[in-house]
Amino acid sequence: MLFSFAMMILVGVVFAMIMRKVGLPNLLGYLLTGIILGPFVFNVIDTTTFQISSDIRQIALMIILMRAGLNLQISDLKKVGSSALLMCFVPASFEILGLMILAPIFLHLDLLNAAILGTVLAAVSPAVVVPLMLRLMDEGYGTKEGIPQLIMAGASMDDVYVIVLFTSLLTLAKSGEFNALSLLRIPTSILFGIVSGIVLGYILCKLYRLLKLPTGIELASMFAIGMVLITIERIMTGMIGFSGLLAIMALTATIRHIKPEMADKYSAVLAKLWQPAEIFLFALVGVSVRIDYALSFGPVVLVVIILALVFRILGVYLSIMKTKFNMKERIFTMGAYLPKATVQAAIGGLALEAGLASGELILTAAVTAILFTAPLGAIFISLTYRNFLQKV
């Protein structure tokens, strides 16, 4: 396991340097690192690392969502009004609808399996989008209009919506029974996640001010609470849902609201922690990518993904229609909402594990979507934000 970690860091650093030299984001180097070190090229990642990779990715995701919350102010979302809510579900719904139309035509799937495919592919990746939006905020691009904040908040919430839909549809495909009450998990996951995060954030602000602990201990305790919240999410499998990651983001956003100076202090530490965490997150996503599946169905899967992205772009456009964004800002927002990675890596293989006939095709589409949209979205954001967004 130690050798696997060492190789991910060393090779990842080299590939990230190469990417920076050609003006591309580091994460592409880390993703490539995982693919090359993984089982389908050099196969140097041991089984123990595979077994704990999901937990490591979850911890890395915690770090980035804590940073997101610590840099998010409620007043920023008020600038864009209802668009902040619409971005949480409209783009994903349009992409799912697009795949329900396209997959039966091009991939010969029935409507239910096409919908399952849609839910696998529809989630945007916070792991790709959030760090890039934080970079924009640090550099002052688009912050006056609330564009990075809008994208960051929407990217964190639409995953909850999509994953609940996926779970409900997969259950229907396996058992033939659909429980409409299971859809209660969508609003309850969001509601209980946000409310619990706000309450915990308020309590922690009071405790930290009273106890005067070192910054490192305060952050360690926040991590421990975050791990408990994610564990609660895993336990709550019934009709009432809970989003641990959303709770973490709400907790840190509450700290930003109550104690901005405390939030700045934490954010500076987490920015340093994110540097190694980013290597592990994207390298392990790369390791999980099944290159053999990506090649097995030919270009038709990629064509369907591209056409479905057109539906997604339309959904984003409708979501931000009432904002005061100019055309360049609208184009940027639509392009920034394309990347897929972490959710697809997590749930892409579940349909195959469940024994669905379409499982192999769904996994292939998930892998292809990661390989195509993660680099596409990251490159688009990195190359356009200086020209498309206004600097404060």
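Every residue, even glycine, has its Cβ placed from backbone N, Cα and C.
Note that TrEMBL annotation is computational and uncurated.
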Select from 2-25, 362-385 the stretch of residues annotated by TrEMBL as transmembrane segment.
362-385
Which listed stretch (26-45, 112-134, 270-291) has the most C-beta pairs under 8 A with the transmembrane segment (362-385)?
112-134
Taking contact to mean three or more C-beta pairs under 8 angstroms, with sequence separation of 6 or more, is the transmembrane segment (238-258) in contact with the transmembrane segment (184-204)?
yes
Contact call for the transmembrane segment (112-134) and the transmembrane segment (270-291): at least 3 Cβ pairs under 8 Å, seq gap 6+:
yes
Report, as numbers and ranges, which residues of the same chain sit near the transmembrane segment (146-172): CB under 8 Å and 6 or more residues beyond its ends.
65, 68, 72-73, 76-77, 79-80, 83-84, 87-89, 91-92, 96, 112, 115-116, 119-120, 122-126, 129-130, 133-134, 136-137, 178-179, 182-183, 185-186, 189-190, 193, 241, 243, 245-246, 249, 320, 325, 329, 332-333, 336-337, 343, 347, 350-351, 354, 356, 389
Restricting to CB pairs under 8 Å, which listed stretch, 26-45, 184-204, 270-291, 297-319, 331-350, is in contact most with the transmembrane segment (84-106)?
297-319
For the transmembrane segment (270-291): best-contacting stretch of 216-232, 297-319, 331-350, by Cβ pairs under 8 Å:
331-350
